[in-house]
Amino acid sequence: MRRGLKPYQHTANSSAAAVWDGVYSRVTSASLTHLQSLEAESIAILREVAASFERPVMMYSIGKDSSVLLHLARKAFFPSKIPFPLLHVNTTWKFREMIAFRDAMAEKHGFDLISHTNPEGLANGINPFDHGSSRFTDIMKTQALRQALDAGRYDAAIGGARRDEEKSRAKERIFSHRNASHAWDPKNQRPELWRVFNTRLNPGESMRVFPISNWTELDVWTYIYSEGIELPTLYYAKERPVVERSGTLIMVDDERFRLEPGEAPQQEMVRFRTLGDYPLTGAIRSSAATLPEIIMEMQASRTSEREGRLIDSDSVGSMEKKKQEGYF
Amino acid sequence: MSLPLATPDTDISLWLAQQTDKSLLRFLTCGSVDDGKSTLIGRLLYDSQLILDDQLASLKKESHNRTVGEEGIDFSLLVDGLTAEREQGITIDVAYRFFSTDQRKFIVADTPGHEQYTRNMATGASNADLALVLIDARKGVLTQTRRHSFILSLIGVKHVVLVVNKIDLMGYDEATFDRIVAEYRAFAAPLGFKTLAAIPVSALRGDNILAKSDRTPWFDGTPLVPYLETIEVAEDRTLGKLRFPVQWVNRPNLDFRGFSGTVASGIVAVGDEVLIASSRKPAVVKRIVTMDGDLQRAVAGQAVTLVLDREVDISRGDMLSHAGETPEFSNQFQARVVWMSEEPAFPGRSYLLKLGTQLVPATITDLKFRTNVNTLEQTAATKVDLNEVATVTIATDKPIAFDAYASNALTGGFILVDRITNATLGAGTIEFGLRRAQNLTYQSFDVNREVRAQMKGQSPKIVWFTGLSGSGKSSIANLLEKRLTADGRHAYILDGDNVRHGLNRDLGFTEAARVENIRRVAEVAKLMADAGLIVLVSFISPFENERRLAREIAGDIDFVEVYVDTPLEVCEARDPKGLYKRARAGEIKNFTGIDSPFEPPSTPDLVLHGGEEEPVELSDKLHGWLKF
Ligand SMILES: Nc1nc2c(ncn2[C@@H]2O[C@H](COP(=O)(O)OP(=O)(O)OP(=O)(O)O)[C@@H](O)[C@H]2O)c(=O)[nH]1
Ligand SMILES: [Mg+2]
């Protein structure tokens, strides 16, 4: 009885080139394609932020969703530069390539980049090995984010979360209100009708804004493909040094990685579906080295992208709890 | 740094094309609490293979001790994502979920049935084209079924599927289904849905979801998913009149000034002459800028930046349209509102109104009636409580550009925001403007009294109160001012207290000083009226000559002389400031009524008898008589 997306079966007489033109030519017919509507909706949201808040900031996590967000922001304000800074909360445990990619993007697109690391966390040497993923995440991510937002007195923080990622995300508004201690009150969200956003805040309060709320993972990938958006190569399959721990493949990205006795990194053809702190991000075995291959592989996959994120699998409702504590 | 894109491989390009060609249907589930809305959506997600292995595994664990179907899963857990929801077994807020079949993509909003969270159902409905109204076959049509259906009609959701769920619990009984459908159709007839289908379903067991169920052989309609895959709901917004609300002024440097926004409806092309709603000035579209290059035209839904051919004053909130097809531009309209706050809505209270990109202070000026969600009866009311729907008139502090919601949801739907807490209190849909649609002309106007008055939505006048000290002039004037302010008017009182202590501090009470006093007050009143205000002047003004002078100074401004005729004995008995006593004692000289005459007006416009009625009644009478 179950049915769903089947990968397209090639038929003998269809003309690939003709269809291809139809998909990616800019609007020539009157109605927009699905991706074009999503893009327009996100651009409108970004402009609403710029027009309504005094000190907006955009979270830049260097992953694919952030890359899409960056691309959308460049489009939203063109020919002006992005009228707000991009904020990277750096736990110091990111993949090295991510940091290099981040700096290259800032250079190339000329945006204002702010990088923040929790100074106490740094001083105390907080790391995922000794302190566990949840404590590490709390100190180096949640608290660091709060520090950065408070220090910048930002009244709106734009993030790349999508509603299809997780069940509590599916419940969140596009303009999501936070009280003075950055907490989300899921039972008391403002009604959000049409595309009329209530952007009003009282002193100390702030807003989280999610312009790509209505995008699915597939939308993100097809958009990256059609727009030619640059991504870190970590998303593409390549031989990488990994160790396997309780079923998860972890890449040994630098010398800080603690190998267990008898453990040795193996070269494996892997890629990442999501990027974060390398000791906490699971790789998948894959040979998908191009975007089309990634998209096709994703269609056939039977696991969700969050499975690669070790911090989410703790318990049901853990994301909601984190958000109530001020996690993005 | 990133990998080059591979040359599009044939398979994927075709596959993508197929994905892109799929149309999108946005729908919501609604209905009373526990009717099975979340279970149904969970079922749809499951059946369209959207639940991946890792999610399925954790779901099975969680479904322990819950109502489960043959698959061993409580499907509602797939959508009820908040801890509180899972604990209480109810939905609290909307969940947006995405799934697709070979035919279509779907965005579904699963909304709560609980009355307390009706606002979240309205949120879900506001972006949907179709609604699944669920009914528990055991319970039939309930109040909340009706309320949700009424809100659907208010929000303008035109397509409804009546899903009679839990039919398994009624032994798949045809008569039950028929009875519920008949009752619902009778109720929904006046709600004006374009299509209304009914399907007997078991969300838990999967009957009539993907395919026709053997257990309902009597049902000859289409099962749910095939129905959703094929129903035609699209409305082509590009066919409408051009509406371009300016969202953000794009000003990277002195050489570029563009207006960024999303085309709400219609099409705009380079070379088009457009009209600016607020200034009524025309301009020609010179460029349509995007990062992908300039466009020749932009259609409804596209986010672009327009560059015009001349310097015109445009800011966020302005609306561009084609000449002859302009939106209404006014500060008063009739609307239907659904109230979403514990704190009721009262006429006279000031809120912030947001419509598109426009944000203005606004007041509910009149509460016409409330609609009973059960019977659709209209009843008089003095306030609108949580989850109620009412028809009201609203006045905004300055004119805004809008359309009737029925003709354009994006330019006719608004929210009301609390001025102190900033909470969203209600949502409204405009029925019509209350002054005739002003035909926006090309001519730019001079700023004059009329224009200023129009901005305030009133006709300025001077209401001149005359009468003895203690006759009740100030009380009446104060009440009238309150009433006018509540109505959203702009009024101001000039009286001895605020004039004698400042502007006229240098004047005494000799005859000459009194004349000069009145002259100055009359001049100030004139300036204020010229600025568009309703001026209430409350001075004893005992002499016919002075009052004539005041009327002359007012010139062509509407001047109303109100004589508050209260007998001297009454005034003296009241003596609120103890002045009569002091005058009688000789401490105050030239006191009107005691040692200085009061000349009753020979031709007053209105006489109020202060000795016979209370100030409240008199001010009401005056308010009615003045016909604001
Ligand atoms: N037997 C049977 N039970 C069902 C069916 N659909 C739902 N249920 C059960 O009805 C109960 C309520 O289902 P929900 O899906 O949570 O109802 P809901 O309409 O989403 O409720 P709210 O969102 O709180 O208004 C659950 O115990 C379901 O398992 C059905 O078709 N048959
Ligand atoms: Mg529910």
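We count from 1, first residue shown onward.
Just so you know, glycine gets a Cβ as well, placed from its N, Cα and C.
The active site, phosphoserine intermediate annotation in TrEMBL covers B:SER541. Annotation comment: TrEMBL describes B:31-38, B:110-114, B:165-168 as GTP binding site. Annotation comment: TrEMBL describes B:GLY467, B:LEU468, B:SER469, B:GLY470, B:SER471, B:GLY472, B:LYS473, B:SER474 as ATP binding site. Taken from TrEMBL, the feature domain 'Tr-type G' applies to B:22-237.
Recorded features from TrEMBL, shown on the structure.
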residue	record	Cβ within 10 Å
B:GLY31	GTP binding site	28
B:ASP34	GTP binding site	19
B:GLY467	ATP binding site	29
B:LEU468	ATP binding site	25
B:SER469	ATP binding site	25
B:SER471	ATP binding site	27
B:GLY472	ATP binding site	28
B:LYS473	ATP binding site	30
B:SER474	ATP binding site	22
B:SER541	active site, phosphoserine intermediate	27
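The residues near the ATP site, meaning same-chain residues not in B:GLY467, B:LEU468, B:SER469, B:GLY470, B:SER471, B:GLY472, B:LYS473, B:SER474 whose C-beta sits within 8 angstroms of the mean position of the site's C-beta atoms, are B:PHE465, B:ILE540, B:VAL564, B:THR566, B:CYS571, B:GLY610, in sequence order. In the structure as shown, the Cβ atom of B:LYS37 (GTP binding site) sits within 10 Å of 29 other Cβ atoms. DSSP assigns B:ILE167 (GTP binding site) to a helical segment in the three-state reduction. Of B:SER471, B:GLY472, B:SER541, all annotated as recorded positions, the residue with the shortest Cα distance to B:ILE167 (GTP binding site) is B:GLY472. Checking the recorded positions B:ASP34, B:GLY470, B:SER541 against ligand 1, the ones whose Cβ sits under 6 Å from it are B:ASP34.
Considering only the binding-site residues B:LEU468, B:GLY470, B:SER471, B:LYS473, B:SER474, B:THR111 (GTP binding site) has B:SER474 as its nearest partner by CA-CA distance. Of the candidate binding-site residues, B:ASP34, B:SER469, B:SER471, B:GLY472, the one lying closest to the residue listed as 'active site, phosphoserine intermediate' when CA atoms are compared is B:SER469. In this structure, none of the binding-site residues from B:HIS114, B:GLY467, B:GLY472, B:SER474 has a C-beta falling under 6 Å of any atom of ligand 2. B:LEU468 (ATP binding site) sits 69 Å from B:ASP34 (GTP binding site), counting Cα to Cα.
For the recorded site, B:HIS114 (GTP binding site), the DSSP three-state label reads coil. Separation of the C-alpha atoms of B:SER469 (ATP binding site) and B:ASP34 (GTP binding site): 68 Å, rounded to the nearest whole number. A separation of roughly 56 Å, to the nearest angstrom, links the Cα atoms of B:SER471 (ATP binding site) and B:HIS114 (GTP binding site). Averaged across the domain 'Tr-type G' (B:22-237), pLDDT in this predicted model comes to 88. Each residue contributes its Cα atom, and for B:GLY470 (ATP binding site) and B:HIS114 (GTP binding site) those atoms are 57 Å apart. Using CA atoms as reference points, the binding-site residues B:GLY31, B:ASP34, B:HIS114 were checked against B:SER474 (ATP binding site), and the closest is B:HIS114. B:LYS473 (ATP binding site) falls within a helical segment according to DSSP.
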